[in-house]
Amino acid sequence: MTKTVYIKTVGCQMNVLDSEMVVADLKRHGYRVVDTPAEAELLLYNTCSIREQAEEKTYSALGKLRDTKARHPDKKIGVLGCMAQKDQEVIFRRAPFVDMVVGPGQLHSLPQLITNIDSGEGRQMAVSLARTDGKQATVARSHETFDPLRDPSMRPTPFQAYLRIQIGCDKFCTYCVVPNTRGPEQGRSPSEILSEARTLAEQGCREIVLLGQTVNSYRHRSEAGDTDLAGLLEQLHEIEGIDRLKFVTNYPKDMTERLLVTVRDLPKCSPYLHVPAQSGSDAVLKRMKRGYTVGDYMEMFERIERILPNAAVSSDFIVGFCGETDEDFQKSVQLIERCRFKNSFIFQYSVRGGTKAAERLEDDVPREVKAARNHELLEVQNRVAREDNEKLVGETVEVLVEGPSKKGEKSEPEAAAVQMTGRTHCDRIVVFDGNRRQAGQMLEVHVDDASSHTLIGRVRTVELVSIGIEANG
Ligand code: 5AD
Ligand code: SF4
């Protein structure tokens, strides 16, 4: 008998990938995925802890399940991911009807936990060790992944896939929970990564996005020698069927000449680099313990410009971090104006329990000031992005078509023209009128118009068609 599972995923690409793995695993245990909690026997919430708002949203979604559980006590509810690792027992206290709490390093144990509940053992918790619970190697071992289980039906599109090359983070930026929730940095072995990439190519995947919290710090040591990200890209480049390779997220200090030259020399590597700056002020960067100055960041940026002059660079910024003055904030504005990022994700600082900033620094920027700075920085970012996108009007770009855009999804299934969306090699979003069959194709699109987030174009007609008709006639 098939059992039913509903899974809701929030947060970063790591969580999207984790959910894919969880579903692949559960399918092997006889489960089928359904679209609504009402249809499901097993309800899973894969959660994020990066900011308080993300957690509160999850707690409020969980709160709504209180009645559901009262009416259907047989339904099982599981909280997975970073919030499970961070809050542990607190989740059972705040939502006593939850059956399972499973950290991101323990997701492989889910089928066993379900069996335990079914055998009457009561609610279950599986979390990894905290950083202070043992030696680095012991803690690292408790953060496991089970990546080779791939399920194309759970991916946003079947021809694009994430591939984890690194788990955890050792940078310990003072504001960030990730080194606690995802544990010590560990590079997966190149042979595992390559075999997974080959599986993905066989499943029809054309674009692979390599994932790591600081993906360019990737390193794997073995008797056969050390492998870094550049070495890994060289090996992945050989795989037939894969047309594009991207990697996120980068740490500014590890953006080496060797990596950039590799990206330049391997045509499948996208000239797209997400390298979060977080702030344009040295004083703030120091309190964040980011390990670089604005001068260092600019040096790295100029290296990118020299080696990859056509690369698109994107960034993350936190506004309203502890002690951030108006002057500090203006330096973030200036950094965006100097680097002209393709896009930036801008976040208001949110205190996270267990971090150095929470313990030692005062969250002294008022909420309204954070909101105003967020708004101002976004306006500057949107302006530079719009100006740069407008320069592409009149050009032809190569687009990997992902599927109907939000607007296209609303079209009738039989509609002649459907708005489709895809991305350029540089990760720019392009929409155009086309048809659903184009999903997964690489098309030449002429750019007619541009906004800060999107290029609007039309597929270039192949002129040979009319010659063909004449020849036949
Ligand atoms: N508050 C706000 N933003 C944060 N980020 C990480 N931790 C916090 C926090 N405590 C942002 C950083 C990071 C992105 C994924 O989330 O900009 O790059
Ligand atoms: Fe968090 Fe810093 Fe690690 Fe990124 S590099 S995951 S911001 S600690």
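Cβ coordinates come from backbone N, Cα and C, glycine included.
Listed in TrEMBL:
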DOMAIN    3-119  domain 'MTTase N-terminal'
BINDING   C12, C48, C82  [4Fe-4S] cluster 1 binding site
DOMAIN    155-387  domain 'Radical SAM core'
BINDING   C169, C173, C176  [4Fe-4S] cluster 2 binding site
DOMAIN    390-461  domain 'TRAM'
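Cβ proximity to the [4Fe-4S] cluster 2 site centre (mean Cβ of C169, C173, C176, cutoff 8 Å) flags the following additional same-chain residues: K171, F172, Y175, V177, V178, P179, Q213. Separation of the C-alpha atoms of C12 ([4Fe-4S] cluster 1 binding site) and C176 ([4Fe-4S] cluster 2 binding site): 14 Å, rounded to the nearest whole number. Regional average pLDDT for the domain 'TRAM' (390-461) in the model is 94. Among the binding-site residues C12, C48, C82, C173, the ones whose Cβ sits under 6 Å from an atom of ligand 2 are, in sequence order, C173. You'll find the Cα of C176 ([4Fe-4S] cluster 2 binding site) roughly 12 Å from the Cα of C82 ([4Fe-4S] cluster 1 binding site). When DSSP labels each residue, the domain 'MTTase N-terminal' (3-119) comes out as 62 helix, 25 strand, 30 coil, counted as helix, strand and coil in that order. Rounded to the nearest whole angstrom, the C-alpha distance between C169 ([4Fe-4S] cluster 2 binding site) and C82 ([4Fe-4S] cluster 1 binding site) is 13.
Around the Cβ of C176 ([4Fe-4S] cluster 2 binding site), 22 further Cβ atoms fall within 10 Å across all displayed protein chains. Ligand 1 lies under 6 Å from the Cβ of C176, out of the binding-site residues C82, C173, C176.
The binding-site residues listed here are C12, C48, C82; among them, C82 has the most other Cβ atoms within 10 Å of its own Cβ. Residues near C173 ([4Fe-4S] cluster 2 binding site) in space but far in sequence (CB under 8 A, at least 6 apart, same chain), listed by position: Q278, M288, K289, R290. Each residue in V10, G11, M14, N15, T47, S49, I50, A54, G81, M83, T181 lies on the same chain as C12, C48, C82 and has a C-beta within 8 Å of the C-beta centroid of that [4Fe-4S] cluster 1 site, without being one of the site residues. Look at the domain 'TRAM' (390-461): DSSP puts its residues at 8 helix, 36 strand, 28 coil. In the three-state DSSP scheme, C173 ([4Fe-4S] cluster 2 binding site) falls into the coil class.
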